[in-house]
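Annotated features, as they stand in Swiss-Prot:
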type	residues	note
BINDING	Gly13, Arg76, Leu77, Gly106, Glu107, Gly108, Thr109	ATP binding site
BINDING	Glu107	Mg(2+) binding site
SITE	Gly108	site 'Important for substrate specificity'
BINDING	Thr129, Ile130, Asp131, Arg166, Met173, Gly174, Arg175, Glu226, Arg270, His276, Ile277, Gln278, Arg279	substrate binding site
ACT_SITE	Asp131	active site, proton acceptor
Amino acid sequence: MGAMRIATLTSGGDCPGLNAVIRGIVRTASNEFGSTVVGYQDGWEGLLADRRVQLYDDEDIDRILLRGGTILGTGRLHPDKFRAGIDQVKANLADAGIDALIPIGGEGTLKGAKWLADNGIPVVGVPKTIDNDVNGTDFTFGFDSAVSVATDAIDRLHTTAESHNRVMIVEVMGRHVGWIALHAGMAGGAHYTVIPEVPFDISEICKRMERRFQMGEKYGIIVVAEGALPKEGTMELREGEVDQFGHKTFTGIGQQIADEVHRRLGHDVRTTVLGHIQRGGTPTAFDRVLATRYGVRAARACHEGQFNTVVALKGERIRMISFDEAVGTLKKVPMERWVTAQAMFG
């Protein structure tokens, strides 16, 4: 295809690397094909409201490689509101002369992108999530940065926990999958890690911590994914709230585990919830490179007519996969990875 007018947007939670994708799209579209790129602001809401800006291949675009967050802004939109606005979306894209749309986001965003593709809009999706739970791709950008933040926090908590003879609970993001907890726990030398894929036994956690204290190691580090749940009947949880999209909020599982460990063992137990700090800041070198490669490949896919696809990392190569492969199921931590992590507990 010749020169095109491409639109892009960022939707869902922010993460390091979004700007690197935008930069990759703009520079590739402009330099290789003479195309122009438009950015819709604040995700799907901006597309529905026709809030758009022209993105130029200039010094401003060049500088965003280092920046966290997204220059376009982001947001979440209820699927029902989005689907009800399909006619408006089509009209806005037509009025702006858009030939292709590149949505950048996680599972929910990619489901929305698939729905647009099913309704005749030329779409190329770019997977984004710090959780690393998008199926069909080995890694999503933002994950490495989040793991680095969590690992740094664990490194720092080792010294304060040891100084005060404490058990430290570190709660990290991961509503349905435990990739951040698993990787940060291994990299940070945690003494136990709890992930959503494997229901935990509070008695086993307490046993591990008590064994450490008996052996003279007067502190412990436990990493907990926010979506972790206990084995049925082993621990009673306090109910979480439900957000505007019907999702139960899991923040607080770390404190609940801390309370139970303290009740059973009597040790001083403190909780650190990393929360949104995992989303912020400068992307790691790995995420900058991966996000740039995603942006370049997405722009090229548009000009090659490879629509209704998603860019993905397979081994060392960036490939195009179907929306069905990307959004069919979540990519969860395999049991063999969990077994490997267990060998480091204690």
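Glycine is treated like the rest: Cβ placed from N, Cα and C.
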(request) Mind giving me a neighbour count for Gly106 (ATP binding site)? Other Cβ atoms within 10 Å of its Cβ, every protein chain shown. (result) 21
(message) Cβ neighbours within 10 Å, counted over all protein chains: which one of the binding-site residues Glu107, Asp131 has the most?
(response) Asp131
(request) Rounded to whole angstrom, what's the largest C-alpha distance between any two of Gly13, Arg76, Leu77, Gly106, Glu107, Gly108, Thr109, listed as binding ATP? (result) 13
(request) Provide, as an integer number of angstrom, the distance between the C-alpha atoms of Arg175 (substrate binding site) and Arg76 (ATP binding site). (result) 16
(request) Pull out the binding-site residues from the set Arg76, Leu77, Gly108 whose C-alpha sits within 10 Å of the C-alpha of Asp131 (substrate binding site). (result) none
(message) Counting Cβ atoms within 10 Å of each candidate's own Cβ, which of the binding-site residues Leu77, Met173, Ile277 comes out highest?
(response) Met173
(message) Validating a neighbour-count step here. Other CB atoms within 10 A of the CB of Arg175 (substrate binding site): how many?
(response) 18
(message) Distance check, please: Cα of Arg76 (ATP binding site) against Cα of Thr129 (substrate binding site), rounded to an integer number of angstrom.
(response) 14
(request) Would you count the other CB atoms within 10 A of the CB of Thr109 (ATP binding site), including those on all shown protein chains? (result) 28
(request) Report the same-chain neighbours of Gly13 (ATP binding site): residues 6+ apart in sequence with Cβ closer than 8 Å to its Cβ, ordered by sequence. (result) Thr74, Arg76, Gly106, Thr129, Ile130, Arg279
(message) Test of understanding: give the count of other CB atoms lying within 10 angstroms of the CB of Arg279 (substrate binding site).
(response) 19
(message) Just to confirm: which same-chain residues, 6+ apart in sequence, have a Cβ under 8 Å from the Cβ of Arg270 (substrate binding site)?
(response) Ala161, Arg166, Val167, Met168, Ile169, Ala258
(request) In three-state terms from DSSP, label Arg270 (substrate binding site) for me. (result) strand
(request) Tally every other Cβ atom lying within 10 Å of the Cβ atom of Arg76 (ATP binding site). (result) 18
(message) Return only the integer: C-alpha distance in Å from Gly108 (ATP binding site) to Ile277 (substrate binding site).
(response) 22
